[in-house]
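Colleague: Annotations per TrEMBL:
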type	residues	note
COILED	5-68	coiled coil
COILED	464-498	coiled coil
DOMAIN	78-167	domain 'Arginyl tRNA synthetase N-terminal'
DOMAIN	535-661	domain 'DALR anticodon binding'
Amino acid sequence: MEAHVAQYSARLLQQEKEIKILATEIDRLKNFGCLEVSPSLEGLRDENAKLKYRLNVLQKSLQEERNKSVKSMININSRVQEIFRDAIKAAYPDLENPPLAVTPSQQPKFGDYQCNSAMSITKMLPKTNEQKVSPREIADNISRNIPENEYIEKVEIAGPGFINVHLRKDFVSKQLSSLLVNGVQPPAMENRKKVVVDFSSPNIAKEMHVGHLRSTIIGDSMCRLFEFVGYDVLRLNHLGDWGTQFGMLIAHLQDKFPDFLTVSPPIGDLQAFYKESKRRFDTEEEFKKRAYQCVVLLQSKNPDFIKAWKLICDVSRKEFQKIYDCLDIKLIERGESYYQDKMKDIVQEFEERGFVQMDDGRKIVFVPGCSVPLTIMKSDGGFTYDTSDLAALKQRLFEEKADIIVYVVDSGQSVHLQTVYAAGQMIGWYDPAVTRVVHAAFGVVLGEDKKKFKTRSGDTVRLIELLEEGLKRSMDKLKDKERDKVLTEEELKAAQTSVAFGCIKYADLSHNRMNDYIFSFDKMLDDRGNTAAYLLYAFTRIRSIARLANIDEEMLQNAARETKILLDHEKEWKLGKCILRFPEILHKILDDLLLHTLCDYLYELATTFTEFYDNCYCVEKDRQTGTIVKVNMWRMLLCEATAAVMAKGFDILGIKPVQKM
């Protein structure tokens, strides 16, 4: 419906311009004695009146729809932007695409939001009597055209032409009450989208390493966000489960466990098994020949070789699953093998469209704007990663009918993926204006020496050992704080898991994913600063306030319906506004897929809460006896709203807080 309103508004604006032009022309003709009224002007005025009526009806319907979906949290920044968009249109109807700049104010003295469009509009307006219209005059004109609304208390013009916006306290109070009654709900989205997220993607027979950890954590958090806003999400694990390496693995399996078809081979360490087969492949010519024969038999789907391949894949899957269980990751496996039968058609399609060139026996595709061509068939007739990635892209577009496809893959794959996407556009599979296909790239994990994260011996760090080390350090930290003396064994175990895995996830997600980051358990487990340890402790403290005041969940729910949340103290007002910025933060992340914004927001929320709690008594006690004298219930509700938003933020980040720590 918002699209219809925008469409009618644009048509109305265009017609009003045409009416002005015709009216000016008629005035000119009247001066020369031509007094007839133009039929086209009358027609336009008639059509204009109808459009105004239709626009008015649509705007009322839109407001009614918004009021119906009161459970959705409101993105206040977006609503204020809409108000100023309408005000600028009304003040300057002839301006095409006027700039719209509305941001939260950095200081309370500048109000709650600021519109800074006036300075840019000055440059777009023609001079009057050789003088530019001042930005302050423009700001005043915009302010006078602000439509009636429920959000803005007042506006003030400051400096050269800034418009400071003050929100209505009763509006903010109602939104906080709605949050408490309805729970933390997603902001309203225009329509439900189908999203495919390709993440984690380890290779069979190889250990998962810290690069896979980044992809797994970032991809899972993106999926959680998409799921929260109501999108249909397909979480895909694009396993490296096909290729020439399986020839040497199967040949080695035949030698080491000749009865593998009837007795399940006890492969304890698949990484060692892989290294043994690779050493033989590199040093034994006879073994190398047999490995190639095994690849041919596997690709021709010989039943015995398919069984051997499945056995090797199953051993890896069990190891991967241990890590996914630790980190609470849900995935649907769809490895490279899934696309094998689709690759022949991909090559044929590119050939039929005339995009294929021969190069030394290979079939290659040059994509405009890309420096390296795609190799879609090798000289021996085999397919490549390029072919399987094209097949995967097409399947996700045509069979899954995805509106958004996100590849959570390291930055090193950037050129390759951009070339695959460009090839998909070139052949007409998708239009980037309609379907969003994006590479959510990430940097590498560094050790504290700022070099690639390795063990002391220079080997890749095994992910399962890293997680076990996290659990050990987490327990040591809890015991240092003597939490083992106040928590039950079950509570201590829950706190250990929450802190260990929460800190590992948060350390990754709190950095801009585009950058490399230094892996440090000491920094992760520090309960000062922007860390999961600090936020988890802050969360348990907030949750304990009501518990220690003997206020249960039912009492809080009743209070949320009956008690008005007062925002008279400056710290109450600051906290209330900070809580309600949550939907704005989510909208931003949906746009740029940068999850550190959510981490920064949660840290800001926790520190804003601390300011509030230090200055505003929630529970008043007798100084001598310590007994509770008074509970300020509206402040208890602010505590509850803070905790509710933090809990939802943790959930999107894949972190499990505990009630006691």
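Cβ atoms are placed via backbone N, Cα and C, with glycine included.
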Colleague: Could you tell me how many residues in the domain 'DALR anticodon binding' (535-661) are helical, how many are strand and how many are coil under DSSP?
Modeller: 86 helix, 7 strand, 34 coil
Colleague: What are the DSSP helix/strand/coil residue counts across the domain 'Arginyl tRNA synthetase N-terminal' (78-167)?
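Modeller: Residue counts for the domain 'Arginyl tRNA synthetase N-terminal' (78-167) by secondary structure: 34 helix, 21 strand, 35 coil.
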Colleague: What mean pLDDT score does the coiled coil (464-498) have in the model?
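Modeller: Taking every residue of the coiled coil (464-498) together, the mean pLDDT is 93.
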